[in-house]
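Peer 1: Marked as compositional bias 'Basic and acidic residues' by TrEMBL: 207-216. Feature annotation from TrEMBL assigns domain 'MADS-box' to 1-61. Look at TrEMBL and you will find 87-177 tagged as domain 'K-box'. If you look up TrEMBL, you'll see 179-223 marked as region 'Disordered'.
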Amino acid sequence: MGRGKIEIKKIENVNSRQVTFSKRRGGLMKKAKELAVLCDAQVAVIIFSGTGKLYEFASSRMEQILARYNRNHESPELATVEHAADQHEPTTEVNALKDEIEKLQLMHRRMMGKELEGLTYNELHNLEQQLTEGILSVKDRKEKVLLEQLEKSKLQEKKVVQQNEALLEKIEELRRQQGRVSGNENRVHMSKESFSSVDICPKPKIPKLESSKDCKSSAMIVD
């Protein structure tokens, strides 16, 4: 079934009126934007809600459209002439930009040594001076870049040397610490060896028994 025809009159219910206002306002703004894009038209929409809140849309600057509206309202013929002038201004500006681009391209080709025919002596001399000045500027910049790179290389080299020196100092410190530990271990080992070589309980001396000959001789002396 199709939608029934809606009677156009003020909606008495406040909530329903606010909902309808929001929906219709969004639709109106959407249609205005589509009209401006599809038809390349200048469109401005100004809406004040029942509570006095402002809603607006402009395809370009609102002030510009309003000023044009006022001029058109005061003098329709003047507004028509201004509209025609506005249509021609972009074309004139585009042509000026095209001419400037062509001049720059021609200058670039001549800087490359091309299309020099038709130039006078003074023009060639000026072109030569420009090229010479450009070459000197390039050389100066090249030298500055090389000096900057050299300075950076020196700084990096100095940093590497400092890092190597710091590493060598750490290695020497580790060697000294290792030497001190080895010396302590040797002293402990030597003290243990000396301690183990000392007899804590010495063995008693046992007298030697005299031989039979010694006994006989001693007996003879006694007799």
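Cβ coordinates come from backbone N, Cα and C, glycine included.
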Peer 1: Taking the domain 'MADS-box' (1-61) alone, what is its mean pLDDT?
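Peer 2: Averaged over the domain 'MADS-box' (1-61), per-residue pLDDT gives 87.
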Peer 1: Please list the DSSP helix, strand and coil residue counts for the domain 'MADS-box' (1-61).
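Peer 2: Here the numbers are 26 helix, 10 strand, 25 coil.
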